[in-house]
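J.: Dropping the structure in here first, questions after.
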């Protein structure tokens, strides 16, 4: 735990890490549950935009950039895995149960950033802003995607009955509200340790709809008897428009991969021996290889099937009309997966806010008391007033934001570009320096700093392109 002086000095970001003597629960996670959590977090809204991203980048740059981001994600994950325990990464007594906990522990003495000085205390606050904005943004993106999938089911049935030229138009609002209502209920799951079953179901759903998208794309290529697309990708009206589309595509791919914001929470569910970092590194590498295979297949077959007409969302953009029941089933799988994915990215926010309130108001019944309820046909369960109120408000707010900005590709691009460098690159690299005591200007230091700066440049360019796309979509 952080010292008492640290807690008093920094109430904004309290360290809720624990030591071996203070473990409040038994960890039972395995490499398989970790892989399920990772796949649930990674294969989500992002996979559906990859055919469009490949179309903007072309046959060379599209697949290449996906592979590059996969490699970067594996490197970032391996660096972060070593930051779970301290001081020894394999058997240290102190556990960092969240991303912010690790930043607080390792960077409290770091006084320099890449270009200017920032104190350790400010590091924690900056990290918290990016981290919880990222998690919140993912929840918003999942509301948008779920509504698009439910709407796609309605449209698919309409096209099947009325013909492909029929005017089948449906709004997003009602479907977003329905998804939000479901999430209000599901959000009462206490924490990560009680939702392994949900992640397993969500991971199965992600494999299912990714495989269907892959299969439909492959079948379309066979039907066309040609591989569509070009080396340079979709043409645009001007060079400037092409640059914006390329940068937005890079942002979409950046959104599709990193899961650093939830890595330590997943690692905290693992039992030991073997050491958690060994299990987590194997799980991360395996999950990213599996994910990349599906990403490449979905992106490439989608582009090969539709070429310049590749839709922004492979399964909701209606490149596929038949078999309508299979398109419906794939979109139903997407919705079920996003129910779990929403929780994977929201539980760390719930844990932090509720932990902070418990620390701040230890004698409050509203914050700390639990009340048992028993409803017909449902096992008895416990509700906490703070949990019920805060989590309901959180879900409502993400739903409202999604209703205001229902732009799938643009929102993914902005979120991916904004959060990729600070959360997946900068903080893991800095913490790794402290954990391994790597001195300035050593070979490893220079290599990782160069890697970090290169990723920063890519992130800035992708963010600019994605913001331009979001503004254009809102004004059009």
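Just so you know, glycine gets a Cβ as well, placed from its N, Cα and C.
Remember, predicted model here, so these are calculated numbers, not experimental data.
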J.: Looking at 130-149, 150-169, 170-189, 230-249, which one does TrEMBL call transmembrane segment?
T.: 170-189
J.: Sort out for me which stretch, of 31-52, 58-80, 195-219, 388-408, 445-467, has the most Cβ pairs below 8 angstroms to the transmembrane segment (414-433).
T.: 445-467
J.: What stretch, picked from 31-52, 195-219, 287-306, has the most CB pairs under 8 A with the transmembrane segment (58-80)?
T.: 287-306
J.: With a Cβ cut-off under 8 Å, give me the same-chain residues at least six positions beyond the ends of the transmembrane segment (287-306) that come close to it.
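T.: Answer is 34-35, 38-39, 42-43, 47-48, 50-55, 59, 62-63, 66-67, 70, 73-74, 77, 207, 210-211, 213-214, 216-218, 220-221, 224, 227-229, 256-257, 314, 319.
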